[in-house]
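Q: Not my notes, these are from Swiss-Prot:
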ACT_SITE  119  active site, proton donor
BINDING   22, 23  phosphoenolpyruvate binding site
BINDING   95, 124, 125, 126, 127, 128, 309, 331  UDP-N-acetyl-alpha-D-glucosamine binding site
MOD_RES   119  2-(S-cysteinyl)pyruvic acid O-phosphothioketal
């Protein structure tokens, strides 16, 4: 099993490029199931989750390949007859596999999809997906770990539905289903993440009638059919945010190219509050970590609030602050699993339910640590960069689900980091 080895305490200087957003690429690729033909999705990161979705679509009868000479382009050929099943063997490692449910129901009128897996950071049930699809006219049964769904009337029908809680994949799944439904659908209390808007843009490019994607209310007028997809996904705001935090670590000066400043407002506000210098530059943002950080209080929230996917990374910065910070996690339960590993590096963190009190220490010291989930693994890499001595991050298969060769991006900045194949 691979591990990342870091010799920490070295200042980072230079520029790093952001890959395409995994959480935008996955629903856009799933949307290809809505239309027969040849599709092209650009700016797609080469990540384990993307490869898993490619295998899943291949299992359904689609042809999926990276472009020759352009590994960031994924080309798909979707046949008229698609096998409407997502087996457990493929779905178990990736929660986003459930995104095929809406497109399959909309186009084929039936689907059998295993209940999803992914990071173990809370229950994250798909009940909102199923309630909304039922409101669109689907009949759904949960049997033997599978969602068995059908549309007795042949086509889904438009509806007005209010999500009980904001859900990104739920919003995306129902958007795709409603694109081919009969009549008008109005979705309320929708997730407002940039990835939702990106999917809306992709659906419109396919001929769908969608308005309001990226706001809390989305209007969709179903159409009889859609045309093949051609779309470039947005940059990954969480990868960009991770590099921005790296730049804010004491003594660092990092320019993150390709990030969208509007997607980083909540994070940038906190980075400036801790004392980092953040400036807009052509094509991105520059962050300078000037001295020891100041403590801040952080509360995660759905977009446009502070992203839960950046909570662990920011905690690393606050572990070095001159004072005590408070982090409140409101989005997911059980999302402080990285704390025990940070304590191994010398951090002083106490957790009480959904609140972590972070008492800053002058420095961290390297040690072997084990990743528990995707964003925790990124936090441990950041901690290893800041710590003195050697840090080994184990179970980096979590890291590879969401970061495209992170060690190769950090090394040109001066980081002494390498992957050891196991």
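Glycine is treated like the rest: Cβ placed from N, Cα and C.
Fair warning: this is a prediction, and the values are worked out from it, not measured in the lab.
Could you place these features in context, so I can see how deep they sit and what lies close by?
A: In sequence order, 96, 168, 193, 195, 236, 238 are the residues near residue 23 (phosphoenolpyruvate binding site), counting only same-chain partners six or more apart with C-beta under 8 A. In the three-state DSSP scheme, residue 23 (phosphoenolpyruvate binding site) falls into the helix class.
DSSP assigns residue 95 (UDP-N-acetyl-alpha-D-glucosamine binding site) to a helix.
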Q: What whole-number Å value do you get for the CA-CA distance of residue 127 (UDP-N-acetyl-alpha-D-glucosamine binding site) and residue 22 (phosphoenolpyruvate binding site)?
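A: Per the Cα atoms, residue 127 (UDP-N-acetyl-alpha-D-glucosamine binding site) and residue 22 (phosphoenolpyruvate binding site) stand 23 Å apart.
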Q: Would you please pick out, from the binding-site residues 127, 309, the one with the fewest other Cβ atoms within 10 Å of its Cβ?
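A: Taking 127, 309 as the binding-site residues, the minimal 10 Å Cβ count falls on 127.
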Q: Where residue 95 (UDP-N-acetyl-alpha-D-glucosamine binding site) and residue 22 (phosphoenolpyruvate binding site) are concerned, what is their Cα separation in Å, rounded?
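A: Cα-Cα distance, residue 95 (UDP-N-acetyl-alpha-D-glucosamine binding site) to residue 22 (phosphoenolpyruvate binding site): 13 Å.
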Q: Could you tell me the C-alpha distance between residue 125 (UDP-N-acetyl-alpha-D-glucosamine binding site) and residue 22 (phosphoenolpyruvate binding site) in angstrom, no decimals?
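A: With distance taken Cα to Cα, residue 22 (phosphoenolpyruvate binding site) is 20 Å from residue 125 (UDP-N-acetyl-alpha-D-glucosamine binding site).
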Q: Including all protein chains shown, what's the count of other C-beta atoms within 10 A of the C-beta of residue 128 (UDP-N-acetyl-alpha-D-glucosamine binding site)?
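A: 20, counting other Cβ atoms within 10 Å of residue 128 (UDP-N-acetyl-alpha-D-glucosamine binding site).
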Q: Considering only the binding-site residues 126, 128, 309, 331, which residue has the minimal Cα-Cα separation from residue 22 (phosphoenolpyruvate binding site)?
A: 309
